[in-house]
Amino acid sequence: IESTPLGFVQQTITRVSQELNCSPTSRRLAEHLDRHDELQQLRQEFLMPKISDLPPSDLSLVDGSEDCVYFAGNSLGLQPKNTKKYIEEELEKWATIGVHGHLKGSRPWAWAEETLEELMAKIVGAKPEEVALMNGLTVNLHLLMLSFYKPTPKRYKILLEDMAFPSDHYAIESQIWLRGQDVTDSMLIIKPRQGEDTIRTEDIVSVIEREGDAIALVMLSGVQYYTGQLFDMEAITRAGHAKGCLVGFDCAHAVGNAELQLHDWNVDFACWCSYKYVNSGAGVSHTHTLYNTQMELQPGVNGFRLSNQPVLLVCPLQASLEIFNRTSMKDLRRKSVLLTGYLEYLIRHYYTKDPSDPDKPSVHIITPSDPEQRGCQLSLCFSRPIRTVFQELEKRGVACDMREPNVLRVAPVPLYNSFTDVHRFITALGSALNASGAE
């Protein structure tokens with residue numbers, strides 16, 4: 001059973017609780033897992049906010065001197081401790097040698113980002129020459145679609161998922177409009193089946209096989225921002241190519257979260273941001289298919305760059321990628337499966353809907369239970385008013401985020417979150433649900 005990710009989680013929780021002679025829901029189990037976590041020292045490389053520092057915290061309810069429960073890495077990763085040091089180094093260089101900083105120092109401004117491409121390539125499963133660090137996510141998405149979306153009278157549609165990130169939806173819509181196509185006819189939106197929360201891979205493949213002759217571009221998320229579903233990018237790319245479609249992904253919620261092999265999967269292009277799970281602020285883009293043009297551009301993906309990147313954005317990316325380089329995505333992913341699985345276990349233990357007790361608060365997880373179909377994020381729906389639950393969690397020093405219409409996204413990040421964080425979240429959630437029911 002341990003050969004499957006879900007079996008690994010269940011077996012680990014059961015085995016450890018038996019070894020400790022305690023309940024699987026005991027905080028002792030969480031503390032034991034933290035003591036035996038080979039990656040736990042990486043938490044020390046980040047600045048964790050204190051509860052008292054978070055504006056919504058109610059210090060009459062919680063101890064403000066404790067670290068907050070930071071489960072918002074899917075929106076903004078924590079700051080690496082070296083970020084400030086690296087930025088100050090560049091400010092000092094600017095102050096002392098001025099324009100010479102373009103070519104001098106440990107990160108010459110003219111090509112500072114190029115020193116990081118190999119580190120980033122390891123995270124996404126690409127070759128260094130296939131990675132460029134540049135711009136912002138939506139800018140990169142537009143640049144890539146300008147090159148890869150080439151509609152013809154017969155092949156003109158773009159396949160995207162329902163509830164795609166709004167800026168992605170707008171970008172796709174604007175690119176269709178820019179090419180003189182009819183938006184309604186050209187946007188092929190795939191939705192979950194009736195009564196289901198996520199989209200089955202077989203349904204994506206079926207749409208591609210059925211509509212593929214009219215699809216110019218398959219443009220999906222790597223991890224769906226709202227539901228937390230990890231798409232099978234390899235299978236989708238293979239299906240798209242079999243029908244002559246180009247295939248690209250917005251990996252904003254996948255990079256630094258899931259194991260990616262963009263080169264081996266033969267993905268045509270991908271772009272992502274790096275301020276979420278990669279804990280920095282620079283926009284990043286990757287492409288596998290080379291850019292053909294008559295302009296005198298640098299070869300490969302670097303031909304997409306508009307200019308060299310601001311060094312003050314390169315600094316936090318360097319600080320973060322150096323931490324990633326101390327481990328591997330395989331090891332991070334192994335911890336992530338257990339960490340998120342532990343969170344799911346506790347939520348289901350305490351808050352599964354009980355028909356015999358309609359007043360009991362319940363939580364519905366819309367993210368797939370299969371760890372191979374998700375990253376670290378769980379998207380939660382509640383039997384209590386979600387905005388009230390969210391506000392009560394914030395009062396108790398929990399950082400997560402709410403997305404309309406009715407989802408709370410929580411993301412235990414393996415780089416810096418602990419099993420004790422998960423247990424503290426569950427305790428805070430119980431208090432928040434009780435408080436929301438009292439109103």
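Backbone N, Cα and C atoms are what each Cβ position is placed from, and that goes for glycine too.
Summarising the annotation, TrEMBL assigns domain 'Aminotransferase class V' to 77-285. What TrEMBL lists as pyridoxal 5'-phosphate binding site is L137, T138, F165, P166, S167, D168, S221, D250, H253, Y275, N308. Residues annotated as N6-(pyridoxal phosphate)lysine in TrEMBL: K276.
Each of the binding-site residues S167, S221 was scored by how many other Cβ atoms lie within 10 Å of its Cβ, and the smallest score goes to S167. Neighbour counts were taken as the number of other C-beta atoms within 10 angstroms of each residue's C-beta; across the recorded positions H253, K276, the minimum falls on K276. Taking CA atoms as the reference points, L137 (pyridoxal 5'-phosphate binding site) and the residue listed as 'N6-(pyridoxal phosphate)lysine' are 12 Å apart.
Cβ neighbours of F165 (pyridoxal 5'-phosphate binding site) (same chain, under 8 Å, six or more residues apart in sequence): S221, Y225, D250, A252. Between the CA atoms of S167 (pyridoxal 5'-phosphate binding site) and the residue listed as 'N6-(pyridoxal phosphate)lysine' there is a gap of 16 Å. Here the Cβ of L137 (pyridoxal 5'-phosphate binding site) has 22 other Cβ atoms within 10 Å, regardless of which shown protein chain they belong to. Mean pLDDT across the domain 'Aminotransferase class V' (77-285) comes to 94 in this model.
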